[in-house]
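Listed in TrEMBL:
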type     : residues : note
TRANSMEM : 23-49    : transmembrane segment
TRANSMEM : 76-95    : transmembrane segment
TRANSMEM : 115-134  : transmembrane segment
TRANSMEM : 140-158  : transmembrane segment
TRANSMEM : 165-183  : transmembrane segment
TRANSMEM : 189-207  : transmembrane segment
Amino acid sequence: MSEKDYLKDISEIKDIMNRSTRFISLSGLSGILAGTYALLGAYIAYLLLGDANYNFDYSTEILKTNYTTLSSLKNSLIGVALIVAFLSVISAYFLTKQKAKKNNENIWTPASRQLISSFAIPMITGGVFIFLLIQKGIYGIAAPAALIFYGLALINASKYTLSQVRFLGVLEILLGLLALVFFGNGLLFWILGFGILHIIYGALMYFKMERN
């Protein structure tokens, strides 16, 4: 066996081991779509906040308006967030399934189950935390918390998928912390984190790993 054949065999063994412990069929296009959905959701949220004719206490960033308007606004914002999340998950599922089929991989493997559970725990915790904030009318911390918990979920899940996911998670956490530093600009950082970063990440992954 020549040295070239030996190195090729080692590379194939490493690839098999990597596929058995990591789910690498995540679709870059799903990231682009998730970012697009987030931008549309942020625009709708901006319109809702403007139409609510609210007053903001910027020291606590608690929404001050009459009960009827506040209740309607809370339901609308939660609805927008759920729709964005639903569309993102559905797109990710079908595009990832398509990519896995193309790569002759099973979408439901021990690695993918570990990926989902590792991602879900921080996200569910963060979702409950943010829901309780919104129920109290404290909107200012919601966007930073969403970015931070999402970043933690990505980092936690990165052990079972592409290493680039960890880098994306770190950036999301940094944006969440910056959103707390520049308090009152939560929607802007939401756009940057869930919209722009997703689109950039998805495009990079698509052109690097999927386009052929």
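From the backbone N, Cα and C atoms, a Cβ is placed for every residue, glycine too.
The stretch from 76-95, 140-158, 165-183, 189-207 that makes the most Cβ contacts under 8 Å with the transmembrane segment (23-49) is 189-207.
Non-local neighbours of the transmembrane segment (165-183) in the same chain are 26, 58, 61, 140-141, 143-148, 150-158, 189-190, 192-193, 197, 201; each lies 6+ residues outside the stretch with a CB under 8 Å from one of its CB atoms.
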